[in-house]
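Working notes, structure below.
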Amino acid sequence: GEPTDAHPAPQRTAGTPQTGWGSAPDLGAPATLVLLRHGETALTPEKRFSGSGGTDPELSAVGRGQAERAAEHFAALGTVQEIVSSPLRRCRETAAAVAARLGLDVRIDEGLRETDFGAWEGLTFGEVRERYGDDLTAWLASPDTAPTGGGESFAEVAERVAAARDRLVARYAGRTVLLVTHVTPIKTLVRLALGAPPEALFRMELSAASVSTVAYYGDGNASVRLLNDTSHLR
């Protein structure tokens, strides 16, 4: 006879990752990391390098407004159970706005801080190219190359961020956690979840106060659910 199910389950073939078809019942609920980039600072619209080795700027008036809109968004969703922030001021201020609305505490995790950009802190891409052209070329070509003057390579950042991810996924299994962090850590978490190469960092747009989401299952699989969502800011 005819099958009664109009939408039969897809047949898995060898090598087909299970994530994406939905988690198997025995994996349980994933640890869901909701990745909120901090709101704007004075440096953000000028596209200046702003990492963990610079002046630690505060949110601008625009950034504070973005943080409030993010807070309203997460209050309406009602899904966030924990909040973890980078130690840098722009993230702590963004996290505080959300925490006040949700009635939650903020835990600080050093692993979520932005890349240390060394001597490039506070400079635009053009200024770095003008002053440190050879170093910039080498940095763009290799994740193992650090910025001028003792900054962090993307490989070092990836190692730090992966360690933070493992800690947080273990601690918050089955829970939904808001991580308030920066461009490089968020792009790194997405890149690692996709199994994408290091150069994928340069192929993602990540706006101020944007939301991305990655779910981590008990079998080690990850599922990217959202990237650079700014609908709450419009």
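Think of each number as a place in line: the chain as shown, counted from 1.
Each residue, glycine too, has its Cβ placed from N, Cα and C.
As recorded in TrEMBL:
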- H38: active site, tele-phosphohistidine intermediate (ACT_SITE)
- E114: active site, proton donor/acceptor (ACT_SITE)
- R90: substrate binding site (BINDING)
- 1-28: region 'Disordered' (REGION)
- 44-66: region 'Disordered' (REGION)
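The structure, with features from TrEMBL marked on it.
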residue	record	DSSP class
H38	active site, tele-phosphohistidine intermediate	coil
R90	substrate binding site	helix
E114	active site, proton donor/acceptor	coil
Spatial separation of R90 (substrate binding site) from E114 (active site, proton donor/acceptor) - C-alpha basis, Å:
11
Expressed to the nearest Å, what is the distance separating the residue listed as 'substrate binding site' and the residue listed as 'active site, tele-phosphohistidine intermediate' at their Cα atoms?
6
Secondary structure content, the region 'Disordered' (44-66) (per DSSP, counts of residues):
6 helix, 2 strand, 15 coil
Listed in sequence order, residues with CB under 8 A of H38 (active site, tele-phosphohistidine intermediate) and six or more positions away:
L59, G63, A67, S86, L88, R90, C91, E93, T94, V180, T181, H182, A208, A209
